[in-house]
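**Student:** Sharing a structure below in structure tokens format, with a few things to ask.
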Amino acid sequence: MPLLLGTDQDHKVTGIAIETDNKNVKAEEFKEAILSCKHKFSKGMSLRIEWKKIQSQEVSFVYYNGEFTGDLKDRAEMLNTGIRIRNVTRKDSGTYRCEISAKSEEGQRLGEATITLTVLVPPTTPICVVPNSAMTGTVVELSCKEAEGSPPSEYQWYKNGVALLEKTGTGSARTANITYTMNKKSGTLIFNTVSKNDTGEYFCVASNGIGLPQKCSMKRMQVDDLNVSGIIAAVVIVALVMALCGLGVLYAQKKGYFTKESSSQKSNSQSTSEKDFKHTKSFVI
């Protein structure tokens, strides 16, 4: 599609027609990508060709003054006015702009074409977080994530080797007997009220249409009922121990063990005082 410059929406310069075979180029990682940029100038005209990469608000040169720059210096070559990039990596993804200027009888003329390059990267093995155990009726969240895939991966959870259905809609539109919510974009699997039936072996698969899907190792989640009887028994035992301690203290007080101990300490104190007094008296004499 020809891209015409020189309109109010562009750069307000004397425009020329620049064509590109593909405005959205996609290439698998470590393969090659071709960014085309074509013009209809006469062969005898003097052309100035520049390629730039646009990232956020920054613009950097890719091809300038007849040679490639930066990381593409040893990996790219010109195809007429287009470029071929060999061994592309995810860092090469971005927006590129081809700019061609030429001198004519009417003066300086300029045209440009913008091309988006997306480097496709297969997913890596995702990291899955699955709790080993849970109590019935509680909220439990399982997570699955990998950060290398381009485009971003989607995630599918499996229980005991069977793919879980995605819960969508509300009311009668929801699939019956589903006690969880699975988000394929974020990779989360949430049980709002987990039950014993949710006990099983879980794993997750990440895929983005590039390369082979990747899965995490299988992990078991055991869901058990809250042991109410055990908790009551523990509370009763603690109460009995505290009661026995209290009775022991009362019994000791009735027998006078604490009184005898106090008297003994008082006697020892008086004895010590008398000895000190006698010693002082003897010294004075």
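Indices start at 1 and increase along the chain as displayed.
Heads up, the Cβ atoms here are built off N, Cα and C, so glycines get one too.
Curation plays no part in TrEMBL annotations; they are all automatic predictions.
Reproduced below are the annotations present in TrEMBL:
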DOMAIN    2-116  domain 'Ig-like'
DOMAIN    122-229  domain 'Ig-like'
TRANSMEM  228-252  transmembrane segment
REGION    262-285  region 'Disordered'
COMPBIAS  262-272  compositional bias 'Low complexity'
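Describe the structural surroundings of these features, if you would.
**Tutor:** Residue counts for the domain 'Ig-like' (2-116) under DSSP (helix as H, G, I; strand as E, B; rest coil) come to 6 helix, 64 strand, 45 coil.
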**Student:** What does the DSSP secondary structure composition of the domain 'Ig-like' (122-229) look like, as residue counts for helix, strand and coil?
**Tutor:** 8 helix, 45 strand, 55 coil
**Student:** Where does the mean pLDDT land for the domain 'Ig-like' (2-116)?
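**Tutor:** Here the predicted model's pLDDT, averaged over the domain 'Ig-like' (2-116), is 83.
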